[in-house]
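Notes to accompany the following structure.
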């Protein structure tokens, strides 16, 4: 029903906006809750057992994270008498809140729910989960001052490594995208303490690239690497561009995805964290490997049942192709 859909989407936007606008922990928590409750019906709308299972997992993790956030902010108010987001001074609630937000966006080692949940959703809801749902917790992470840098660096490095290793063994595209999301979030968290503007740049480029990737897979109707091998018959022009989108996600120059990685490594080196920068760069090679594997499956293997002559591949749906064209161009050539 379009009215219900509009209401839910409005709730989704409202929750995130409340969190953006808040300077009080209770209000921020309320925004996160509204946001979670609005996306739950969107996730379970296809009454498929897998979707319901994914929704339940998502609901439980988000509720746990929100309860942890509320507990930490109450503890902070009890210890210091402060409710302001920017006036956090006690290390215990600070650490607890950082971990709660990490659980909310799916940073390693609290990442295990993300691939499972994403695998149960359709690509459109998956896209919302990978992009929009990360905004509110990120706004809070950016506002918290004086977090112990060791915690953030540990979370970030663990995420880049887990995101690289986890994606190697997957055949399902949505799980690969989930691990890719974990790795990208790791890069953002690594630099959060030293240069918040770089974190925002990385988040923005990640959004553009993910948008493009999800739309490509949606257009191809492919959810596994096997299905990609026959995408040539469905959309030849698109298939020849997709490897560039994937390699941009992996962070190869001269594509857009190289820019945040380059600047982050430079900033880490400026902060005398060369070993950390080296580790992060090496972990990016892991992700690059599975992006290359998908590109290979897509363009360098011909499907056995090649029906180019009979498959109608001309797309005429502007509401999908226009955003796809914009996002793909941005993903490939914004460097």
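A Cβ is built for glycine as well, from the same backbone N, Cα and C atoms used for every other residue.
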Annotated transmembrane segment segment (source TrEMBL; candidates 176-194, 309-327): 176-194
Recorded stretches the transmembrane segment (150-169) and the transmembrane segment (200-217) touching, at least 3 CB pairs under 8 Å: no
Intrachain neighbours beyond the transmembrane segment (91-114), with Cβ under 8 angstroms and 6 or more residues off its ends: 32, 57-58, 61-62, 64-66, 68-69, 71-73, 75-76, 79, 133-134, 137-138, 140-141, 144, 146-148, 151-152, 155-156, 158-159, 161-163, 166, 178, 181-182, 185-186, 189
Mean of the pLDDT scores, which run from 0 to 100, over the domain 'NADH dehydrogenase subunit 2 C-terminal' (288-335): 79
